[in-house]
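One structure below.
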Amino acid sequence: MKKFKLNSPYKPLGDQPKAINSLVDGINKGEKEQTLLGVTGSGKTFTMANVIEKVQKPTLVISHNKTLAAQLYEEFKEFFPDNAVEYFVSYYDYYQPEAYVPRTDTFIDKESSVNEEIDIMRHSATQSLLSRDDVIVVSSVSCIYGIGSPEDYGEFAFGIAVGDNYDRSDIIRKLVFMQYERNDIEFARGHFRVRGDVIEINPVHGTPPVRVELFGDEIDAISLIDKVTGKKTESLKRYMIFPAKHFVVGQDKMDTAIRNISDELDERLNEFNLSNKLLEAQRLEQRTRFDIEMLQEMGYCPGVENYSMHLSGRKWGEKPYSLLKYFPEDYLTIIDESHVTLPQIRGMYNGDRARKETLVEHGFRLPSAKENRPLRFDEFESSINQIIYVSATPGAYELSRSSNIVEQIIRPTGLVDPEVIIRPVKGQVEDLLGEVKKRAKKDERVLVTTLTKKMAEDLTDYYAKIGVKVRYMHSEIDTLERIDIVDDLRRGTFDVLVGVNLLREGLDLPEVSLVAILDADKEGFLRNETSLIQTIGRAARNINGQVIMYVDEMTDSVKNATAITSKRRKIQIKYNEKHGIVPKTTKRALKDKKVAEDLDIEGTDISKIPKDELRLLISDLENDMKEAAAKLDFERAASLRDQIATLKGLKKDSS
């Protein structure tokens, strides 16, 4: 029986069947690296889902940010409802790593806010990988950062079954070693409680708590229970308990690690003292001795990851454990938007290293803290088995290494690439104004990209003064406001959106029929071939899609982007004519705006809310926030969190 079973009412269309067969054939032949060059809107995710079903391999999908990873996670969950589709991103809502600024003698301590829902999902991902083989993990570049050894993590996991011989104290001891906290009052995630011969455990991976009933030294019953009422919801014959944290170490390993940490500390203190760096020596000794004491007493300490080299028994320079190590040997990796994701993976190590060097140099951390790090790019390369790079504009790295480059140019919708028109820079503002008016009459929208923030502001002000309904998008606008701006553009609240880097906004909007690129011949990051092709793709969701590039000189980037788009457009039109396909603009439903669902604090005089109602309101918003996080709607969850903080501040002031 197949492990992976794709569930979709759609069949592969356009170039999808050819792409699926070619990629599957490559994987079956043992090809290590392949590229799917798929235009915007060609259904690359659906192609990937079909490939996974056909090759039947556990799969890691890497995206370059949390939001896109969440979208992919939701899509794969719909495609594979009967399989383990997991989500693995950084669990920090807010993260300020520890750092030291020598110029001002300022130490910035680590400050973070952990999203509990995401932590649950991270544990769910690692547990699925160690317990089943039908797993798809959608991840950000967090997957290359260090976590505990899968051998230690799996070794500490233990299964129980009705009829097994277990002493009560043995189970309690195992739970403590696995970093579960005994708390007979607060039954939170990662806690357990004991009542006579009954042990109740609240696991970290989000499943309901489990009750283990003993009769003497024998397990008499195992059942899932309701966390609030304690009522039994399901009887079980067996149950697997996994560690509460990814960094778990056995006592023998811990003793060895503590000895090695102490030896390294003595060596480093000697270096500082010989160099007359007495302040650094005192600072390092005080912090490290405290951490050693915590490790001896609790098996854990704040910032335990900085001792990961010693705790996992690694040597200097040895590859750290990451999520990739939890996968079996024969797995598939898919890099989404590879032209952005790969440079991000490549850059993680150097940024982390530079910050740690300063901390080590000034006595805030032992040198081995530098080994708590993301994978270097060469280590990432050696960790992958078979890989598919996915992008509309793959980079030179992917193309040079891929033994098979598969093009997916024909869209299932029949939509063709937009027509690209070249016009002179002189008079571009007035020329564009005429085009904007034409689109506004047809209830269509326009995206305009400028070279600088000042140009975008000036253009927006000028158009607004002469009656154009226009808005400006810039990097300082927060996520929630950005979502509102895009929503208002789609609804027709305004007709023109101006910005500098509209690529990163993910603006694939069916209402947009014109993309205007001002000063397109000014070579640079946002006017190179890749960026131009990506920007052109913003007009590919509308049947009337056009792109106007204003240039004085036909640069290589402009020539190549125009030629590639023109070639694809001809192929698409020819295919449609041959098969009698009539293109239609993509349909995407607009979500109803939540008018009263969230509390609009700015528009409400919250000082007049009675105390009792305020308490209830905070409670309701907290429930909504948890629900939003569970649905991966992190923007809404963050908004609710901020509203709760405001209300709690008011409550504190009035009490």
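Note: Cβ is positioned from N, Cα and C throughout, glycine not excepted.
Listed ranges 91-114, 115-138, 595-618; the one Swiss-Prot annotates as motif 'Beta-hairpin' is 91-114. A strand conformation is recorded for Gly38 (ATP binding site) in the three-state DSSP classification. Taking every protein chain shown into account, Thr40, Ser42, Thr45 are the binding-site residues, and of these the Cβ with the most other Cβ atoms within 10 Å belongs to Ser42. Summary of the ATP site environment: with the site residues Gly38, Val39, Thr40, Gly41, Ser42, Gly43, Lys44, Thr45 set aside, the chain residues having Cβ atoms within 8 Å of the Cβ mean position are Thr47, Ala392, Gln408, Arg411.
Summarising the environment of Val39 (ATP binding site), the number of other Cβ atoms within 10 Å of its Cβ, over all protein chains shown, is 26.
Shown in sequence order, Leu36, Gly38, Val390, Gln408 are the residues of the chain, 6+ apart in sequence, with a C-beta less than 8 angstroms from the C-beta of Lys44 (ATP binding site). Summary: among the binding-site residues (Gly38, Gly41, Gly43), the fewest other C-beta atoms within 10 A of the C-beta are counted at Gly41.
For the domain 'Helicase ATP-binding' (25-181), the model's average pLDDT works out to 85.
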